[in-house]
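In what follows, a structure is listed as structure tokens, so that the remarks can point back to it.
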Amino acid sequence: MALRLLSSRRRLGSIVLSYRSPLASLHSHATSFGFQQVKEEEKSKLVSNVFTNVASSYDIMNDVMSAGLHRLWKERLVGKLSPFAGMKHLDVAGGTGDVAFRIFDAVNSVKRRALRKVDEASIEETQIYVCDINPNMLNVGKQRAAERGLSDNRSLVWVEGDAEALSFDDDSMDGYTIAFGIRNVTHIEKALAEAYRVLKRGGRFLCLELSHVDIPVFKELYDLYSFQVIPNLGELIAGDRDSYQYLVESVRRFPPQERFAKMIGDAGFEKVEYENLVGGVVAIHSAIKL
Amino acid sequence: MYRTAARRLLGAGFTTSRLLRLPKPRPTTTIIPYSYCTSSMESPIGNQSVNPNQSDPTAAREEGHRRDESRKPRAEFQEEQARVLAASLRHVPRLGWTEEAMIAGSREVGVSPSIVGSFSRKEAALVEYFMDECLQLLIDRVDSGLDLQNLIPSERVSKLVRIRLEMQIPYMSKWPQALSIQAHPVNVPTSFKQRAMLVDEIWHTVGDGASDLDWYVKRTVLGGVYSATEIYMLTDDSPAEYRDTWAFLDDRVKDAFDLKKSIQEAKYFAQDIGAGVGKSFQGLMNGVMQTMSTRGGRSSAF
């Protein structure tokens, strides 16, 4: 995309830079923003607006919409990851830090238990990078870290960045997670390619995302809940119906489990698997880079 | 039996028993690291092996080619896993059958320790890999000319069980942990299957031809003897390398064979009495034996 090429490769967070160049209007493609079709350059701006608006009530809305289940899903994600002491982990689109905090807790408690068995070679420090394109979300995350007393902890690093153009080195990460973020990315293939690039050999890619339900009656109930209840909840609690309308629409536009798994395989990953939770409402895709 | 062993050891592509019997040059003193997968893919399938119970070698060649073309990525991943597990075994005496050992192993191979998270039932994967490796080593030992001709069956069984148990000596300090991992309900199906394959292999080597109720009895009894010896070995500090364990093993095997003889004698005795009392008793015993053996025969697709 012309926009991406023109901006600097390292610092790409700010969408304020979205000016139109003559090239951009010639090659502009349409992409989906929920059920609307919008120009690619606009999508990231629109997404940014959505998350700026919802940042402060993001966590509460998650709890309400999923009846607290999102916590279990994230626990499952971190469980699958099996964090270990000394790992370098990247959590993309992890603004408010849910997954990052869980990984941090897992590593530190395991470390305490296994201290007597720690190999001399692995006394490196754990580094958990939280990358998000939206600075407001990162601020909420930093605030939560401060509440837990982790603001000075060197293990958690908050980085502003774009999933399609990460500022990390090749082969530098042991783990990569993206929870409820990949459907907001304009070019999913690019995000997957970036994930492949930054992972070390043997590193794992894990994606937690709302996905497609196929079970007959349950599907209708889920659709009803999504389109009737959630935007109303959004209006009531976050004061923003449109953002949540975007959310439920973007879930429908995201590729189904099998197709997404194929996309992950095409990016070069091995052993691509997925696990449906709650009948397909949420799916965890996992893969390894070899 | 052999099919599941082959499938487990060599990946989903191979389904026939002859691959376990291919003569290949392998050192028998150490647990093999990564080479067994690649060597089995390259070794010439053309040479006829000694065992007469083998199926067509050309089928294997085709299967091998097909496997190469379509399953390269998956084969690579499984090879990588095998490599990591083999390297992890070297750390087991120090770190136990744990994730730490697997993490150390993966570091040794040059792969990120995250790969450990992708093994299902992590420590169990390591233990199961070890059990498979030992079975393969036993088979190789037997194939590369183990002298069993001059021994009576009970001594043959003793010798084979001893060879197999000796492979565990380097890990003896941590073996109780491996046993407890194998006993977890989640892991029991696999560990049971592995032990069944081992016992089956031993009886096959000793030259067992039974195909009726005897088949189950023999394997169950040997399974019991093997487990008892294994556990005895855990607490044996006898001076000359587990001398007491081998004595214990010999006694148990002799008991087992005596038991077999006494069952046989009981059957003849019953027949003799039947001749006196009338055919009814013998008829009853025969009837029972027949039903049990046909039921045993039908369910022997194990």
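Heads up, the Cβ atoms here are built off N, Cα and C, so glycines get one too.
Predicted automatically and left uncurated, TrEMBL annotations should be read as such.
Of the residues A:D63, A:D132, A:D214, A:D223, TrEMBL puts just one in the S-adenosyl-L-methionine site with A:T96, A:D162, A:A163: A:D132.
Secondary structure at A:D162 (S-adenosyl-L-methionine binding site), as computed by DSSP, is strand.
A:D132 (S-adenosyl-L-methionine binding site) is surrounded by 28 other CB atoms, counting those within 10 A of its CB over all protein chains shown. Our reading of the S-adenosyl-L-methionine binding annotation (A:T96, A:D132, A:D162, A:A163) yields a largest Cα to Cα distance of 16 angstrom. Within the same chain, residues at least six positions away from A:A163 (S-adenosyl-L-methionine binding site) with a Cβ under 8 Å of its Cβ are A:V92, A:A93, A:C131, A:I133, A:I178, A:G181, A:I182, A:V185, A:K190, A:A191, A:E194.
Long-range Cβ neighbours of A:T96 (S-adenosyl-L-methionine binding site) (same chain, at least 6 residues apart, Cβ-Cβ under 8 Å): A:A55, A:Y58, A:D59, A:M137, A:V140, A:G141, A:R144.
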